[in-house]
Structures are given as C-alpha cells and as structure tokens.
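Chemist: Mind having a look at this structure? Questions to follow.
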C-alpha cells in the first residue's frame, strides 16, 4: 500500500460560547483505494500567526507521497525533521504532525480490518471518565453563567468538572462556594487549571485559598510558567495535592522527570504530535512511575475518537481525563459523533475498523473556511475561549 494523495480541509466551528475554532480535517489516499482521516485540532491558539494551507499541503506531499503508511516510525521521524519539536505548548508543528499521524493510524487499522485501539495494542477498558471544563472567570458576573453550565451538564450526566482559575480569585472562590452549597457531593471539581498564568509562589497562595473548597480535587494543573521545572518542583514540595503538567516535547518531559517536578503527565496527541508520540510519552511516564491523564485542546469527533482509542489502550490512566471537545461545539463534521454517557467517553466499537468515525461531506462543506486566518480576535478571547470582547 502506497500513499497517493493528501487533502486538507479547513473548518471553522463555533463553540456554544460563540468563539469560532478552526481545525483542519486530513484525508490520506492510497493506491489500495483506502482513505485515512485525521484532525489537526484547534489552530485558534497563540502565537498569533496562521499556517498557509497550500504551502503546508505541498510540504506534506513531499514527505508522504509513495510512502507505505505502515512505516509509522520512519514517517514520524521525517515529520519531526520538517516540523520540529519546540519547548512551547501550542507549537503548530505538533498539531500538523498529530493530524497526519492519526490519519495514518486510521488507514493502517482499516487495511487490517481492526480498530485503532487494537492497532495500538488492544484495550484495557472500554470507556474513560472525563470532566467538563468551566472556563476562567474574568468578572464576578460570570459566576452565575458558569453555575448554569454546571446545572446543564449535570443533567446530561457530567458530574466531574475542571475549573480554569487564576485571573479573578474572588470570582473563583465565589463559584466554588456556591457549587459546594448548591450541589454538595453530587458534583466534583477534579482540578484547578492555572494554565501557566501565575508564578509558582502566587499559584501557591491561590491554591491555599481555593482548596478550602475541596470538591474531590484530584490535581493542580500548570501552576507555574511554561518550562519552569524548578518552580513546579518547589510547589510540589509545598502542597498535598498532585501536580500535573502537559507534555509538549520529549525534552520537556525528560526535564520534568529529571527534576521530579510533577506527579501526573497530561498527555494529548495534539500537543506531542500524534498517537505515536503520545504512546511514547505515556510509556516514559510509566517507566518514571508517574500517572497519566488524557488532556485536550477541545478536539472535534475525529480527534476525540483517536484519543478515546489511545486512552482505552493505556494502563496508567488513573485520574479523570479531559476530552470533552465535541460537547463544546454547536456542530461537527461527522455522521457518527463520539459517545458520552454518565460522564464517560466511550471508545468507538472495536468491531468498526479504523477510528470508527465517518466524515459527513455535507457538514464538511457547511463549516468549510478558506483559511486559518485570525480575523479580529483578541488575546483574552484566545485565552478564555469566548466571543465576548469585554476585557
């Protein structure tokens, strides 16, 4: 089997908050008549530049044409050579490698007539406990709207949430107090996510303030600036709660292991460059005796299905994970969206080959956008994933 062509389709899909996220749907064609699909998820992140899709397609074709899709390690090395790792969270090269690698996995599994999770080594479970995100309070008046989100999602079966914190601690504290008062033990807040906004000392003070409202807290996420390994270590010594950090390069993961800076690796294929790299990162965590949580950039169903296959194949996921992306959008580009039930993400049925997801060409056309340009998006809209222009 040889790769014969590549398609890249940019789509822009609004979240329920009004913020439009742009993604790229990947199709890889072969001489066997099989097509693999993937997703370069959520290009709507800083830094404030966009990728030219025509140039990207030509560059990727120069790597992929004529290749055997099963040569995953060879292709991934060539992808990394051309789209290198950096020490930055939202490196767009990782998004690109992720979309291609996921499509290759879909293609290979389809050829073998098995599911992607079987191609990854089989399943240890069929579902993953996940949480719904509560986005960061900038103003106290946002507390009530976020409480409405909890009410709505609890009715839909989501009983675990993660809270983005650090911009307005008074509002964060008010929200937690009211959640505890209204919902009691019916709701858990699994993590406080600082998103690298504060230095570790300020994060430590915030943690002491917010953990008065421990509602099943499992971890503290990203409580220091990016790549501040010493800060993470210092904070880890001073809090009783496990510290979690995203993995965005193997060098960065190596440094966190060397410094013993964290307890839990937050691993997401989009940030580390695909299923192949995510699996490596999970194995490195296991060797280092660290737990893993499955992260997210709020993918659509194609990207989330890939994550579900990965999560159900790993043995060291012992905490509530994050992939609830499809629930945040007003639409999708597939005929069969991923399944959520009672707060769990279910992997597609293993009797369905590949990722188990089928594109809907009419929806792909409906949400198609000409490019990945930014329009008039502000920094705070990017950070807080809102269409609200108030700052």
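The backbone N, Cα and C atoms fix where each Cβ goes, and this holds for glycine too.
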Chemist: Where Swiss-Prot shows 42, 45 binding Mg(2+) 1, which of 297, 304, 315 is named for the same site?
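Modeler: It is 297, as the record lists it for that site.
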Chemist: Taking Swiss-Prot at its word that 193, 246 bind Mg(2+) 2, choose the one of 173, 218, 221 listed for that site.
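Modeler: Between 173, 218, 221, Swiss-Prot records just one in the Mg(2+) 2 site with 193, 246, namely 221.
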Chemist: Just checking: which of 15, 42, 90, 246, 296 have a Cα that is within 10 Å of the Cα of residue 164 (active site, proton acceptor), counting only these recorded positions?
Modeler: none
Chemist: Would you list, in sequence order, the recorded positions among 42, 162, 193, 221, 246 whose CA lies within 10 Å of the CA of residue 89 (substrate binding site)?
Modeler: 246
Chemist: Would you list, in sequence order, the binding-site residues among 15, 42, 45, 193, 246, 296 whose CA lies within 10 Å of the CA of residue 162 (site 'Increases basicity of active site Tyr')?
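Modeler: Hits: 193.
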Chemist: Minimum Cβ neighbour count within 10 Å among the binding-site residues 42, 193, 221: which residue?
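Modeler: Looking at the binding-site residues 42, 193, 221, the Cβ with the fewest others within 10 Å is that of 42.
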